[in-house]
């Protein structure tokens, strides 16, 4: 049973089954929706079954490994495998994509293409998280960008083409650095390309070259989480995209950059990472303050939530730069936690817009009375986003805090400064989230819209929101549910630094 290529099956199922969508009749929108949801559910069940029976929690090594020679000419292998670092993002991808396909129920224009692109994106993301070959990682990284660009440019607001072009310029520009880094590492000191992650991890480079590789990969990944100053595509894109696409962007796409930083920069380039880590902590700290302050000034609801995503990813970057197992576990937990919370907030923003047709906060007001269910869920997820105790965000940010305070790498005064600045960011977070809730839901009704728009959340929407709320509260109450996946792998990664 262990010889069966489970990861290949998990990776290829969405895109191969999705290809059949194109043969469904043009007017069969309902059939397309149900078919896509069934594929996503089947994929999620397959994933859960395979990981439950074949994944050992206490083993930090690569599991479910597959290695097949693909192109002999330059020793290119189809090499897949998962460990404690990748299993969480893969399960998150399955969960959020399944809910995003349910959220896309109202999409009727070109619905066959829309759902096919969602499934193609699904395969690309699973491929990125499970690749064990540098070139395969790059191919999957790029494969995932094409459907995202088409989803952004074809469905959304009036400026969707502008925002999609901005997105592809940032991410494709970063991909050039990723390709150069992959080829540089693969071709270094060998006539035969060495693209295997394990071989690259044991390879030592001159310090100058390692710093060059590290910086190239950092630029490639900085556009995704995003890290300031490469973040400006995110508010525009979220402001224009359809909310089901926003769920995939906030829930999964932003996490790929943080995953790449740990997987390649930390694991394969440890000496350069120990030099760059203080700068990552500084940038992450500034990002929390900058994005929280900017979010407060946004009139557009979706842009305000987008800047809150940038702010929350700052704590992930601090965790990656802290060089302690506590903070790195917190960063990985924040990746999972924000995946759920960000997806839920964008879904709520989109469903609210579908009803009231306003995105600007100063045009809203008094929505709580006609739409109490949306008001309740928005309030709960706002509390989760501002790291309220009992929610997953609290545990993640607390671990990052604790990790940076106890880090032996930094002196006492810098640690105090970083902690104070992070605390200021955590004070700003409830200010912009609670003011957003006040402007939307409280006060008088400032607009004249026919009452037919004021239909509260239906069963489908409530089901999606409760499905996201349960893991958010579950992780908040029992964080070991996620931490047990990554704790051994994190120890193994950091052992390279303290032994070397």
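Cβ from N, Cα, C; glycine included.
These features come from Swiss-Prot:
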TRANSMEM  4-24  transmembrane segment
TRANSMEM  37-57  transmembrane segment
TRANSMEM  80-100  transmembrane segment
TRANSMEM  134-154  transmembrane segment
TRANSMEM  167-187  transmembrane segment
TRANSMEM  208-228  transmembrane segment
TRANSMEM  242-262  transmembrane segment
TRANSMEM  272-292  transmembrane segment
TRANSMEM  330-350  transmembrane segment
TRANSMEM  386-406  transmembrane segment
TRANSMEM  416-436  transmembrane segment
TRANSMEM  462-482  transmembrane segment
Stretch-level contact, the transmembrane segment (134-154) and the transmembrane segment (242-262), CB cutoff 8 A, at least 3 pairs: yes
Top partner of the transmembrane segment (80-100) among 167-187, 242-262, 386-406 - counted as Cβ pairs under 8 Å: 242-262
Selection from 167-187, 242-262, 330-350, 386-406, 462-482, the stretch that has most Cβ pairs under 8 A to the transmembrane segment (208-228): 167-187
Residues from the same chain, set at least six apart from the ends of the transmembrane segment (386-406), whose C-beta lies under 8 A from its own: 281, 312, 315-316, 318-319, 322, 324-331, 333-334, 336-338, 340-341, 415, 418-419, 422, 426, 429-430, 433-434, 471-477, 479
Positions whose Cβ lies under 8 angstroms from the transmembrane segment (330-350), at least six residues beyond its ends: 85, 88-89, 92, 96, 99-100, 103, 238, 242-244, 246-252, 254-255, 258-259, 262, 301-302, 305, 308-309, 312-313, 315-320, 359, 374, 377-378, 381-382, 384-385, 391-393, 395-403, 461, 464-465, 468-469, 471-472, 475, 479, 482-483, 486, 490
